[in-house]
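Structure first, commentary second.
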Amino acid sequence: MGLGLWIRTGILMTLLTVVLVGIGYLLGGTGGMIIAFTLALFMNLISYWFSDSIVLNWYNARIVSEEEAPELHYIVEKLARQAGIPKPRVAIVPTMVPNAFATGRSPRNAVVAVTEGLLQLLNKDELEGVIAHEISHIKNRDTLIQTIAAVLAGAIMILVDFARWSLWFGAYDDERDSGSVIGLILAIILAPLAATLIQLAISRSREYLADETGARISGKPHALASALMKIEEAVRYRPLRRGNPATAHMFIINPFRGIDFAELFSTHPPTEKRIERLRKIALEMGIIF
């Protein structure tokens with residue numbers, strides 16, 4: 001892992017730790033801050049070593065063998081070879097919402113996950129375009145930061161839920177407790193916003209890069225553009241209802257569109273702009289679509 005990636009990972013962990021500690025202070029003063037800092041250290045350790053397993057478990061994703069999904073394995077192996085990385089493991093997510101993501105702290109520990117809905121929606125060329133995009137995230141070492149961000153942002157959201165429950169069911173009788181109520185309200189409002197802004201900082205530019213790298217790996221920018229349009233339309237019609245919004249930035253298209261902050265603070269560039277960039281890449285490759 002290069003120095004630049006170590007620095008980016010360290011900055012991400014530090015920022016999310018600060019958010020966690022801030023929530024802890026708002027919830028419980030100095031004691032809450034100490035507990036939150038301890039939790040942050042534990043979550044940083046867990047997120048580095050086990051974040052891929054955590055994310056896969058969130059979506060009940062199942063690692064599949066070549067015998068179970070021969071064509072999918074063939075595509076992943078071919079594109080990984082063209083990208084010059086080890087073949088990732090392959091997982092299928094049991095949902096009809098079409099989407100895909102990659103996870104893992106390094107190319108040797110990586111997993112490419114696709115949903116059942118994606119396999120049904122796309123043709124072979126489009127599927128290659130999507131998988132090439134995910135392979136590019138692995139090649140560009142985005143998956144470590146993306147997955148750590150998902151796990152730590154998930155921890156932040158758990159604390160926010162705790163703050164919400166405390167606000168609803170707590171007993172606040174004197175003026176001193178009014179400060180606690182204000183703290184809880186601030187935590188509920190500001191913490192998700194902070195986590196989202198941090199996700200934005202690591203996501204948008206990397207999506208453009210993965211689109212470009214993936215298009216050049218597969219040689220089919222038009223197929224990726226077509227896949228993005230299909231997935232975008234499907235997600236708008238039927239967004240993912242079960243899952244962790246903290247993982248939104250990991251997917252090729254935000255699957256939670258329409259049910260949270262996603263429209264105001266999108267973790268992805270507009271699909272139209274991504275397709276326009278793919279058109280330019282296609283022209284460079286002598287492809288018109």
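Numbers here mean position along the shown chain, with the first residue as 1.
The backbone N, Cα and C atoms fix where each Cβ goes, and this holds for glycine too.
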Record-annotated Zn(2+) site (Swiss-Prot): member among Glu207, Glu232, Glu233, Glu272 besides His133, His137: Glu207
Residue with minimal Cβ packing [other Cβ atoms within 10 Å] among the recorded positions Glu134, Glu207: Glu207
Shell list (Zn(2+); ref centroid = CB of His133, His137, Glu207; cutoff 8 A): Ala102, Glu134, Ser136, Asp142, Arg206, Leu209, Ala210, Asp211, Thr213, Gly214, Ile252
Pairwise Cα distance for Glu134 (active site)/Glu207 (Zn(2+) binding site) [Å, integer]: 10
Other C-beta atoms that fall within 10 angstroms of the C-beta of His133 (Zn(2+) binding site): 27
His137 (Zn(2+) binding site), number of other Cβ atoms within 10 Å: 27
